[in-house]
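If you check TrEMBL, you get these features:
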DOMAIN    30-134  domain 'Lactate/malate dehydrogenase N-terminal'
BINDING   87, 110, 111, 112  NAD(+) binding site
DOMAIN    137-301  domain 'Lactate/malate dehydrogenase C-terminal'
ACT_SITE  167  active site, proton acceptor
């Protein structure tokens, strides 16, 4: 778990030292110290950041941003939703302590399944919904932009595209709002007489959904891309940049999602120092809206089984 404040970066383990044997406590402290030293050695490349580590919740007091990465590691062949029960028990110990130490903070959840665990964090923290955010499809959208750029043979930085809904198998690609250099992609394809194939675009969506599973199969875990994604979100939040990111948020009432279903899923939202400022008004096609509501239903069914 990382706790980010205005200037310091604190590495923190949520495991209580009293729950571990002396050798395990030493191993945990050594692991944290090793991570701290490794980051400290990069101090010359960082803008005046102080880095420390601890296993004591009290050292997180007064944080502006709490980033929760703790959780059981996803293994090959296991979906993000399979992780729910293993991680909910852990969050019941972590979240109340964080909320107690930093009641004015924003919490950013990265652990998977991120949408359900963001909902769990909201319930356990008692925070306003706008100050509980999941990393959601911020990374999925980056993968989406990369694959679209490769397919269209353009620079990924010129592509604007979002994945929304669940960070997982039921995620929704917003084909209708894709632009390249400010030009809507579908009309661009037609004007350039490039054949538009729904099958090709659906293959891209499936590649986005399956990309994390492929990395896990090959190296055992994901790290670099999600690290950059979280740093990207933290920068927007702490510097009050008010940029739009597709993140997991309380989505009831949006795009036909019923008010009685308190699901967290990703929608493009403007972020700032106080968390979510507002949800971007993206026009969806009827088909996209149906898929989004279906994604919400998938998450709602999981949440109903949680003991909170």
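Any Cβ shown, glycine's included, is placed from N, Cα and C.
Residue 110 (NAD(+) binding site) sits 11 Å from residue 167 (active site, proton acceptor), taking the Cα positions as reference.
Its Cβ placed at the centre, residue 111 (NAD(+) binding site) has 26 other Cβ atoms within 10 Å. Taking the centroid of the Cβ atoms of 87, 110, 111, 112 as the NAD(+) site, the other same-chain residues with Cβ within 8 Å of it are 68, 69, 70, 71, 83, 109, 113, 114, 117.
Looking at the residue listed as 'active site, proton acceptor' and residue 112 (NAD(+) binding site), their Cα atoms lie 9 Å from each other. Of all Cβ atoms in the shown protein chains, 28 besides its own fall within 10 Å of the Cβ of residue 112 (NAD(+) binding site). Around residue 87 (NAD(+) binding site), the same-chain residues six or more apart in sequence whose CB sits under 8 Å from its CB are 71, 72, 111, 112, 113, 117, listed in sequence order. For residue 110 (NAD(+) binding site), the Cβ neighbour count at a 10 Å cut-off comes to 24, with all displayed protein chains included.
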